[in-house]
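Peer 1: According to TrEMBL, the protein has these features:
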- 27-270: domain 'Rhodopsin' (DOMAIN)
- 275-295: region 'Disordered' (REGION)
- 6-31: transmembrane segment (TRANSMEM)
- 43-68: transmembrane segment (TRANSMEM)
- 88-111: transmembrane segment (TRANSMEM)
- 123-145: transmembrane segment (TRANSMEM)
- 173-195: transmembrane segment (TRANSMEM)
- 207-226: transmembrane segment (TRANSMEM)
- 246-264: transmembrane segment (TRANSMEM)
Amino acid sequence: MAANDLGPAVIAVAWTFAALATAVVGARIYVRVRFLRTLKIDDYIILLTLLLGFGNSIFLTMAVDWGLGQHLSVLQAEPARIMYTVKWVYLCEFFSIMCPGFGRISFAFLLLSIIPPTTGRKVFLWSVIGAQFVVDVGTVIISFAQCRPIEGYWDKSLNADCWPPHIQQYTGFFQGSFCSLVDLVLALFPVTLFWSLRMEWKQKAALSALMGLGVFAMIASIVKTVGLRALTETEDLTYAMADLAIWWTLEAYLVLIAASMPTLRPIFKRGRNHTHDASGYGTGQSGWSQSKRAKMTNPDGAGPFMTLSQPSSREEIDLADWEPPTENSTYRVNAAVEYEEPERDNATDGIRRDVTVTVVYGKPSPSEEKLTG
């Protein structure tokens, strides 16, 4: 049996996910400032996305206050409530379209910053960004141009000149289907990168899952798109719009959260990296080597990650005061640390750079024996 009032559910979804998204974006900004000491274009876009999400939640709250979620039969005695409910839901379309759209664009920019510098991949992602923006802006224009004057959409007493309802419906079907496809593409795209890397399959699966959270937004987008038909086929408009609003709000915030979660990987790994470094260095090493390696992983001392904008370098570290566990002889230890620089100048989101350490043992020269003796 359907609920008599979906208004409380709309409010709960709108503000619960707004709070969750705020926490995730706040953590994202912390990671960027803490480890990168700068914000990039995808961070600024995600902040815009969050503001658009707030706009969606605010406008839906106003719509619920007028009667969104209640059955039309309950509001029949107060036509003004029906009119203003439709008004605020209609104006909310801008936020419901542009919020998840910019979230997808932000994630595409994030992928651009971490993928290998191949022309094909870059052209593909830039095409996704451009197409997403054009489709979203075009949908907004069509939506707000369907009635002249625009107030005629919610105020039927104006006898406005409006397009047939099926135009908006077909536009919504196209935009929703396109966005669902983009969610799927952006979720699968990182898999093609990680599964070609030389790492354990568990790491590949974990990274692919973390970067592929957009599939949940895709599900919400599909449900929302299918539900668009109800707006033209039902007489209970104020109730049907509430059900649709829940799904477009879920879509918007799930896109935002999915686009931000990969950037939080340094937080998830921070505690483990302070106790031991990730795989790739072998086993059976002394506490000295683990401690030195942890420090050399980030010469800036800004956590367990190195800024990839540093040039390739080779450092010779004199460890003359270290005594290996052998016979009573003085040894000189040189640790050669090589940083292998990828062909890009920005890297984030917990993707570690491996450091190769070569330790050479040798007897000191006679002159050095005199100095140490």
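Residue numbers in this text run from 1 along the chain shown.
Even glycines carry a Cβ here, placed using N, Cα and C.
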Peer 1: Under 8 Å, at least 3 Cβ pairs, sequence separation 6 or more: does that hold for the transmembrane segment (6-31) versus the transmembrane segment (173-195)?
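Peer 2: These two segments do not touch.
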Peer 1: So which residues does the transmembrane segment (207-226) touch in its own chain, when a touch means Cβ under 8 Å and the partner is 6 or more beyond its ends?
Peer 2: 100, 103-104, 107, 172-173, 176-177, 179-180, 183-184, 186-188, 190-191, 194-195, 244, 247-248, 250-251, 254-255, 257-259, 261-262, 265
Peer 1: In this predicted model, what is the average pLDDT of the domain 'Rhodopsin' (27-270)?
Peer 2: 91
